[in-house]
Amino acid sequence: MAAATVENWSWFTALALGVSFLKCLFISAYHSTDFEVHRNWLAITHSLPISRWYYENTSEWTLDYPPLFAWFEFGLSHVAKHFDSNMLVVENLNYASPSTVLFQRLSVIFTDVVFIYGARECCRCVKEQKGSRDVLIWPSFILAVLLLWNFGLLIVDHIHFQYNGFLFGFLLLSVAKHLQSQHLQGALLFSVLLNLKHIYLYVGPAYGVYLLRSYCFTQHNKDGTLQWRSFSPLRLLALGSIVVSICALSFGPFIAMGQLPQVLSRLFPFKRGLCHAYWAPNIWALYNVLDKSLAMLGVQLRLLKEADLPRASMTGGLVQEFQHSVLPSISPPITFLCTLLSILPAVASIWLRPQGARGFLRCLVLCALGSFMFGWHVHEKAILIPILPLSILAVESREDARTFLLLTTTGHYSLFPLLFTPAELPIKVVLMLVFTIYSFCALRKLYSGQGSLLHPLEVVYLLGLVAVAIVCEVIFPLSPWQQKLPFLPLLATSVYCAVGVCYSFLRLYMSLLRQQEKHKQL
Amino acid sequence: MQTWSVVSICVLLGIVVRWGVSLNSYSGAGKPPMFGDYEAQRHWQEVTYNLPLHEWYFNTTDNDLNYWGLDYPPLTAYHSWICAYIAKMINPEWVELHKSRGYESPTHKLFMRATVLVADLLVYIPAVVLYSLHLTDGSSNKKVSTLFCFLLYPGLILIDYGHFQYNGLSLGFALWGVLGLGLGWDALGSMAFCLALNYKQMELYHALPFFCYLLGKCIKRGLMGRGLFLLVRIAATVLVTFALCWLPFLPDPNQASQVARRIFPVARGLFEDKVANVWCSLNTVIKIRSILSSDSQLYFSFACTLLAVLPSSIRLLMKPTFWQFKLALANSSLAFFLFSYQVHEKSILLAALPVCLLLSDLPLIAIWFLQASTFSMLPLFMKDGLLMPYAVTWLAFLFLSIYLLSALEHCSEEKLRLVAYYKLIFCLSKMEMACTVRWKFYISIAVMAGLSIASVILVPPPHLPDLFPVLVSTTAFLHFLGTYIYFTIVQFSGPPSRKSQKKNN
């Protein structure tokens with residue numbers, strides 16, 4: 001350990017292997033219905049012809065990822081048959097034999113190799129600080145821990161069960177390629193990613209504008225404004241052909257079979273409600289609570305009659321369709337508009353004044369966070385999309401480190417309700433502590449000598465999370481309210497976290513504007 | 001980074017690994033009528049909670065000693081009694097007399113696992129942290145690395161959190177004893193060791209080194225002056241601690257003798273199952289149990305044990321330094337494991353603890369032995385359905401400890417403390433020595449891995465049903481014997497490098 005140097009990447013191997021072993025320990029832990037979702041997709045892609053993939057509906061968990069992911073499952077299924085071929089039968093609903101569990105868990109752990117590779121490429125792009133001998137506080141080491149040992153990714157992928165690590169691998173690789181100025185490869189990887197999981201469309205605007213502005217235009221004026229004459233049609237053509245060919249590869253067969261409308265209807269189901277069963281900590285969680293408090297206030301002040309209010313709008317906490325009683329109801333086009341408005345300044349700024357790949361990365365984080373804040377039916381897991389790329393910025397600038405600490409701590413805490421089984425409680429608490437202690441101590445040490453990283457009020461807010469955690473996880477389940485108001489801890493968690501996420505969003509925007517100012521002064 | 005943050009991260013990771021292992025199955029899960037050690041512990045809670053103290057160790061209508069009768073010293077019984085009170089508060093069905101036999105449920109498993117974790121958090125883990133930070137030398141990074149490896153030793157985790165036992169408590173108390181002696185608080189140290197002894201009688205494996213070290217220290221100070229004072233103080237501490245532990249049983253001599261009979265069951269034979277000790281390995285060649293009567297077996301094994309323990313004890317008595325003490329602990333527990341009567345495969349944990357103490361001094365040998373000790377319990381893990389955690393923790397410990405302690409770079413004669421002997425016997429050059437040791441290590445790891453895979457995948461031939469357990473125990477036995485010989489040589493070779501000697505005096 002003492003002999004390790006920046007060139008010697010043995011510490012990276014140790015980190016990656018260590019976390020992989022840890023993942024293996026969670027094989028027999030609780031897994032959510034997503035486990036059955038993916039088992040079902042294995043079965044569908046393995047035993048049905050392509051033309052039936054997007055029509056099959058024996059299970060309620062129909063295939064709703066883009067075709068490349070279906071092909072990925074198809075590939076996995078050929079390994080799966082050596083473990084237990086019964087899992088590949090579509091009718092075997094909720095099939096979870098020990099070898100099925102083993103196979104599915106191992107498939108997540110092994111496909112994480114893509115993520116490990118992506119993280120390594122990102123670590124290579126980090127600017128090193130010379131002089132420090134303690135390997136634990138090298139920027140590249142910190143980044144490697146923040147990515148590989150990310151708490152959210154560990155519990156969502158390896159306990160809850162999903163393939164996010166594999167997908168984020170593509171995202172990180174593509175970001176790293178842009179940081180290394182290999183834009184075509186970056187674009188290729190991103191279009192593959194889009195065809196694996198379409199949720200990454202959220203960050204599409206950042207990619208589109210950045211590539212168009214900084215790749216297709218080869219030069220810009222001295223003040224950073226656009227030089228129209230430097231447009232290179234050849235580059236646009238190359239870029240376009242890459243994207244189109246990947247999409248053609250993925251969607252081509254379905255277009256040829258005339259199934260495109262069916263595929264798209266599976267990919268974009270707008271029948272769901274504004275918020276997921278458990279509200280993601282975004283602006284709509286605050287909006288819902290405001291609406292409910294106003295309604296209650298109205299009833300108290302006799303301004304509203306209880307009978308007029310929509311029934312059971314909140315008591316369940318699990319009601320999918322949400323009717324607002326006082327404030328206007330929100331429809332998908334409104335959320336779409338809000339999302340667009342929220343990311344517009346960020347996208348405009350990289351068009352007007354591009355600041356290289358790091359400006360692009362900031363814009364990407366803002367797009368991801370903006371759509372998390374204002375999107376329709378957002379899952380709490382989507383908070384990982386801004387958190388992971390933000391890690392890269394956090395080890396390079398003090399301001400971003402501050403935002404990162406706020407966003408990750410609240411965002412990660414908001415994932416707690418994902419694991420509600422008592423046996424997994426110690427794991428989630430301890431892993432969260434490990435990640436939080438490390439990120440705070442390492443980043444503080446990295447930027448030591450420049451004052452404290454967080455404002456005292458922010459510290460108080462974050463410490464409040466501890467109180468929320470104790471009340472929600474320990475005190476409330478033991479109290480009599482557990483029977484009457486089971487949704488209350490979820491509500492408190494999402495509202496409390498929403499405040500932190502909104503604040504981080506604003507801070508991130510402020511740092512963008514500040515960078516613009518700095519740029520102007522130069 | 002500050003040491004406290006790295007230490008807390010290491011401890012937290014140690015907890016996550018422990019809890020991760022505990023999600024798996026336990027011994028005797030769903031296997032009536034006898035179940036396993038999990039049921040034994042639960043049964044003790046039931047017995048101690050419902051019966052008056054004077055019936056705990058006796059066969060009565062309410063206490064069937066043939067069904068997991070209490071056979072550990074009083075502290076274990078008290079511990080069960082405390083756990084039973086908590087269990088009763090959560091769910092009275094868990095400890096109901098007679099009716100709760102074989103009780104199994106996910107919530108109960110969670111409760112039992114939590115009791116192990118709490119015991120570990122209170123006793124074992126703090127002792128490991130203090131030992132690694134205060135009694136090992138090197139930079140703070142190296143100390144933390146040692147701490148991390150110490151906490152991750154797979155054998156103990158798998159037995160306590162997988163198979164289900166409370167070794168963390170007895171070993172933890174013994175470790176507090178070591179800590180006390182190492183820091184110069186001899187009376188506190190001996191008190192902690194008495195607690196260990198009263199939790200599990202197997203701690204006797206460590207008793208001789210404790211005795212010799214303290215006696216040697218007293219002699220060194222002069223038996224007529226300050227030494228005598230120290231001796232009296234230690235003796236008084238030991239007597240008082242024992243008296244307090246046995247207090248409820250002392251008034252009735254009948255009680256005390258029954259407890260002692262339960263604790264030392266001489267009627268159970270020279271060895272059970274496949275243990276990696278001398279007798280079991282010898283059994284493949286000579287059927288020793290049919291040659292000797294059971295009484296002479298007892299005396300013979302006793303004589304052999306004594307013979308094997310004596311050299312290291314005498315050496316320690318003459319030269320009571322902390323370094324010698326650590327080596328003597330390893331030697332004595334290995335000697336007991338290899339030669340004594342009625343040894344269980346899990347008793348290798350008693351030898352593993354002192355070897356863990358040597359992780360920072362002799363990294364390669366310590367890791368090697370620890371891997372072999374975990375490997376020796378493979379048949380047990382297979383029976384309990386703990387293959388996956390076994391494979392994961394075994395590999396993780398191998399990889400991480402070698403990386404963190406840079407073990408493979410520390411195998412020259414000097415680092416292995418064998419300078420004098422090798423010059424004398426082999427006249428090998430420095431390079432060759434390091435090289436051969438490394439190669440032996442690789443081969444042995446490959447053999448252990450290969451045998452592990454073979455025992456899982458291959459079906460033994462019908463006329464040799466025990467082929468793989470015997471191969472496993474023999475391989476492990478060879479490793480243990482080799483380690484014993486090596487540690488004895490190190491103990492008798494010159495003092496360790498100057499730096500550690502300064503520290504230890």
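Using the three backbone atoms N, Cα and C, a Cβ is placed for every residue, glycine included.
For the transmembrane segment (B:6-26), the residues of the chain that approach it from at least six positions outside its boundaries are 36-38, 109, 112-113, 116-117, 120-121, 125, 129, 133, 144, 147-148, 151-152, 157-158, 160-164, 384-386, 388-389, 393, judged by C-beta separation under 8 angstroms. What TrEMBL records for B:6-26 (among others) is transmembrane segment.
The transmembrane segment annotation in TrEMBL covers B:110-132 (among others). Taking Cβ pairs closer than 8 Å, the transmembrane segment (B:110-132) reaches residues 7, 11, 14-15, 18-19, 22, 26, 38, 41-42, 79, 83, 86-87, 90, 94, 143-144, 146-147, 150-151, 160-161, 164, 166, 168-169, 171-173, 175-176, 178-179, 182, 357, 360 in its own chain, all 6 or more past its ends.
As annotated by TrEMBL, transmembrane segment applies to B:144-161 (among others). With a threshold of 8 Å between CB atoms, the same-chain residues lying at least 6 positions outside the transmembrane segment (B:144-161) that come near it are 3, 6-7, 10-11, 13-14, 17-19, 21-22, 113, 116-117, 120, 125, 128-129, 131-133, 136, 138, 167-168, 171, 346, 348-349, 352, 356, 359-360, 367, 370, 373-374, 377, 381, 386, 389-390, 393-394, 396-397, 400-401, 404-405.
TrEMBL lists B:173-199 (among others) with the feature transmembrane segment.
TrEMBL lists B:230-250 (among others) with the feature transmembrane segment.
With a threshold of 8 Å between CB atoms, the same-chain residues lying at least 6 positions outside the transmembrane segment (B:323-341) that come near it are 178, 181-182, 204-206, 208-209, 212-213, 266, 270, 277-279, 297-298, 301-302, 304-305, 307-309, 311-313, 315-316, 347-348, 350-351, 353-355, 357-358, 361, 477, 480-481, 483-484, 487-488, 490-491, 495-496, 500-501, 504. Under the heading transmembrane segment, TrEMBL lists B:323-341 (among others).
As annotated by TrEMBL, transmembrane segment applies to B:348-370 (among others). Through the fold, the transmembrane segment (B:348-370) approaches residues 131-132, 136-138, 142-143, 146, 149-150, 153-156, 159, 167, 171, 174-175, 178, 202-203, 205-206, 276, 323, 326-327, 329-330, 333-334, 336-337, 376-377, 397-398, 401-402, 405-408, 410-411, 415-417, 437, 441, 444, 476, 479-480, 483, 486, 490, 496, 500 of its own chain, all at least 6 residues removed from its boundaries and within a Cβ separation under 8 Å.
Marked as transmembrane segment by TrEMBL: B:390-408 (among others). Within the chain carrying the transmembrane segment (B:390-408), a Cβ under 8 angstroms from the stretch's Cβ atoms is held by residues 17, 21, 142, 145-146, 148-149, 152-154, 157-158, 162, 359-360, 363-364, 367, 370-371, 374-375, 378, 381, 438, 441, 445, 452, all 6 or more beyond its ends.
The transmembrane segment feature in TrEMBL is assigned to B:441-461 (among others).
Same-chain residues lying 6+ beyond the ends of the transmembrane segment (B:467-489) with a Cβ under 8 Å from its Cβ atoms: 273-278, 280-281, 284, 308, 311-312, 327, 330-331, 334-335, 337-338, 345, 348, 351, 355, 365, 368-369, 372-373, 375-376, 378-379, 418, 421, 444, 447-448, 451, 454-455, 458, 460-461. The transmembrane segment feature in TrEMBL is assigned to B:467-489 (among others).
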